[in-house]
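Feature annotations, reproduced from Swiss-Prot:
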ACT_SITE  Asp279  active site
COMPBIAS  393-404  compositional bias 'Polar residues'
DOMAIN    1-72  domain 'Ubiquitin-like'
DOMAIN    434-472  domain 'UBA'
REGION    388-410  region 'Disordered'
Amino acid sequence: MNVTVSNEVTDELLGPFELSDDITLMDFMALIDFDENEQALWHNMRQLKSVDREKTLMQLGIVGESLVVVKAIKKKATEGSTTRASKASAKAAKAAAKAAAVARDTPAEQATTVSPVAQVPVAVSPAVTAAVPTQPTSPSGGPAAANDIITPEDEYIETFRKSLLNSPSLASNIPIPGVNQLIQDSQLFKQLIGPVLLHRRAQQQAANQMGTAQSEYVKLMSNPDDPSNQARISELINQQEIDEQLHKAMEYTPEVFASVNMLYINMEINGHPVKAFVDSGAQSTIMSTALAERTGLGRLVDKRFRGIARGVGKGEIIGRVHAAQVKIETQFIPCSFIVLDTNVDLLLGLDMLRRYQACVDLKENVLKIAGIVTPFLPEAEIPKHFDMDPSAEATNLPSTSPLGNQKAAPEARDAGVGSALLNRSTPATAERTHAEEDVRRLMDLGFSRAEVLKALDHSQGNAEYAAAFLFQ
């Protein structure tokens, strides 16, 4: 909290002091060199008594940006007080004469013109308070007549105005042209500055440590042991921690809120340039049906390998291209593809990355594969169809690959092949039986019986295809 002290005895403005929430009133008194016998502390039109010296400032309602006023303790009229009163009267008369002179020299249109009230600094206006006047005063500043109605709001505004009159240093903190003349006129001060003061005070009174409305805070604190109140308090505390984390992240690591470009490389298939998406989270390398037709590989799709690609959603596998030459930079390498009806031309999956011992070097922004190095494409060259629709991005489940908009099945529009488990089995039919000799021969290669039977099911009993499947 930041506390400013206005000492009306010495006409000084101290602070603001940056204090912890657990500082006691006694420690605060010692900090400002407070004399209990001669002075009194006031905050929000309430005197801070010495009996509360063990309480913290927060318990006494002093939070955020606050002002504490030090006033002299009133004693019986003495010669000294009479002298001070005469000096104050002379000072007020002099100020009034000066204001009148300024008013005479100022055109009528400018006499009541003041800078916008919103310019009152937040550091001063939210919590500037003072003591209650010794007797009710009228808006004009004199004793109240019997038919005058003095509201607490009027008292608050008038007390603030008098604090500025008694503390020129405090008034100098308000960057309004002609403020010294403004505080001489109680009616004009109330009209222009009053609404801002009342609004700031209402904001301060509504604030609390839970960051919620004061009415809800009072309701929660009136019965904190109630299970529903405890749940709400816990929710508010958690929300405060979340907001704090958000603010820290935005201040110290704003880069985490930026979008990340996906990894694409250039390659060629049968002389056709292709932008391939590199996804180490995808189990298999995938080609779209459109690209298969463009590159002349559509006729080589083995539809016996039909199946379902399962991830966040699912999509239909059209078939498989067992081998095709792919050119990356100057290197030709054989590659196999799973063919899906998707809007992404080519996805370079983990099977090919592991096969050629690829290295995704994010520091150098390159892909090292098959003994060559190829750079990842800049953002401007990344296919635009990869970008998700903003409205869909908020509702779709997260996907680690771009295969989110598949046409094979309605569910496949949200499917992510990056986490997909590709089920290459053909549609369910009667359970097949395989030659025991083929099963034993494949098991001798180091695979379990279940893996061998699954591979034979995928290849429709072809032992050679099953062996190729097992070694992928």
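From the backbone N, Cα and C atoms, a Cβ is placed for every residue, glycine too.
Per-class residue totals from DSSP over the domain 'Ubiquitin-like' (1-72), listed helix then strand then coil: 10 helix, 31 strand, 31 coil. All protein chains considered, the CB of the residue listed as 'active site' has 25 other CB atoms within 10 Å. Summed and averaged per residue, pLDDT over the domain 'Ubiquitin-like' (1-72) gives 79. Under DSSP, residues within the domain 'UBA' (434-472) fall into helix, strand and coil as 26 helix, 0 strand, 13 coil.
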